[in-house]
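J.: Have a look at this one.
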């Protein structure tokens, strides 16, 4: 029996029976899993170089982060498996019957994999990332959806801005497996001809006649305008809201924790303590960091706890306080050390080590709760320019897990040391990470996984091609 459930007599109602269950036997599932009552297939539509894969990957990352198991099925991957060597745009000509048959078979194989994922592997949403530019192909997909009793939502990306198209080709397609050579002019020429092949048979969604009964969103010119048609359910409305908030202009997000606090020094969690002397030194050094990097247009966000506010006050710039950026609520364990928790509530301490993501402090929050709380912050970060978020360890882990596509299992063990700034810059299909240690000593508040299991999260000690570490 948990230390938090005390009863003098046996339970007499179903609610009491549920209360009396050991906390280790409580059902662990995402709040977001209640959003879906049947599997959904998201079908991308659009000419090449319109950002379909970019949107597919971002949308999948977001849905997985909020707890909806989602996977992308990119038709280009299946096509490259079937045809090992890409030669030229001729493969995409509508009068190339042999190639057309190969492409159709690849689509059918991909849809079978979608079926396996949704029916047998616990998936709730599949994203079919392909051009799907003809009604014939979309009708085939719709028949597949009806046969399997899935829901379907179409996402069409329309862009007629030549500068955006050219930038997409150069940023993404030049490094595509289709083009092992790096001669930009030849790649650009071939890819533009490939687009022309698709334009011959392209049939955009028709919201007024042919497609008026379908559920879809049209995204025009990278989010300048939208058309939304017949949204069916809550998860589709969340997809629409997310797609209407993401943008593609260049920006960076800076994440750091507050300066070292008095509670950090004492090993206590939570609370609302002030900065330690080293924490105040970090705040001053953070000001120098911002000036050196010429971040004059930077927005600064903090929580409503004193340690983040005191850190921001040293910067000499306006800042916004967000209550939803407050640290995870440790409930009755607030302001205790881990040793105190282990001695006072040994069962609770053990339960948290067994499943740190889903474990909820009695009277407090879990990491899963925190992800739900932080969703509005993600939406704001997606549509802002350069932002510095001064936050807390658990909050920073949740934000990092979104941008770096980390699983719920890894999220609670991501390393977010004090007095280190992380710069996240969204790139084509991911996020570039740069880390800056500001040379102010601080205590280590990180707890490794139990039994010394290794964390697959961010390693601040071993920079690689994706993670560059700097000292300031």
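Placement of Cβ uses the backbone N, Cα and C atoms for every residue, glycine included.
Not my notes, these are from TrEMBL:
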- 1-24: region 'Disordered' (REGION)
- 28-249: domain '6-phosphofructo-2-kinase' (DOMAIN)
- 257, 258, 259, 260, 261, 262, 263, 264, 307: substrate binding site (BINDING)
J.: Across the domain '6-phosphofructo-2-kinase' (28-249), what does the mean pLDDT come to, as a whole number?
T.: 93
J.: Including all protein chains displayed, how many Cβ atoms other than that of residue 261 (substrate binding site) lie within 10 Å of its Cβ?
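T.: Step by step: centre on the Cβ of residue 261 (substrate binding site), count other Cβ atoms within 10 Å, giving 29.
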J.: Over all pairs in 257, 258, 259, 260, 261, 262, 263, 264, 307, the listed substrate binding residues, work out the largest Cα-Cα distance in Å.
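T.: The substrate-binding residues span at most 14 Å between Cα atoms.
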J.: Write out the long-range same-chain contacts of residue 259 (substrate binding site), meaning residues 6 or more apart in sequence whose Cβ is under 8 Å from its Cβ.
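T.: Expected: 275, 276, 278, 279, 280, 281, 282, 283, 286, 307, 310, 311, 418, 419, 440, 442.
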J.: Counting other CB atoms within 10 A of each CB, which of the binding-site residues 257, 263, 307 comes out lowest?
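T.: Taking 257, 263, 307 as the binding-site residues, the minimal 10 Å Cβ count falls on 263.
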J.: Based on DSSP, name the secondary structure state of residue 259 (substrate binding site): helix, strand or coil.
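T.: Where residue 259 (substrate binding site) sits, the three-state DSSP reduction gives coil.
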J.: Taking the recorded substrate site as 257, 258, 259, 260, 261, 262, 263, 264, 307, identify the other residues of that chain whose CB atom sits within 8 Å of the mean position of the site's CB atoms, giving them in sequence order.
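T.: For the substrate site, the extra neighbours are 265, 273, 275, 276, 279, 418.
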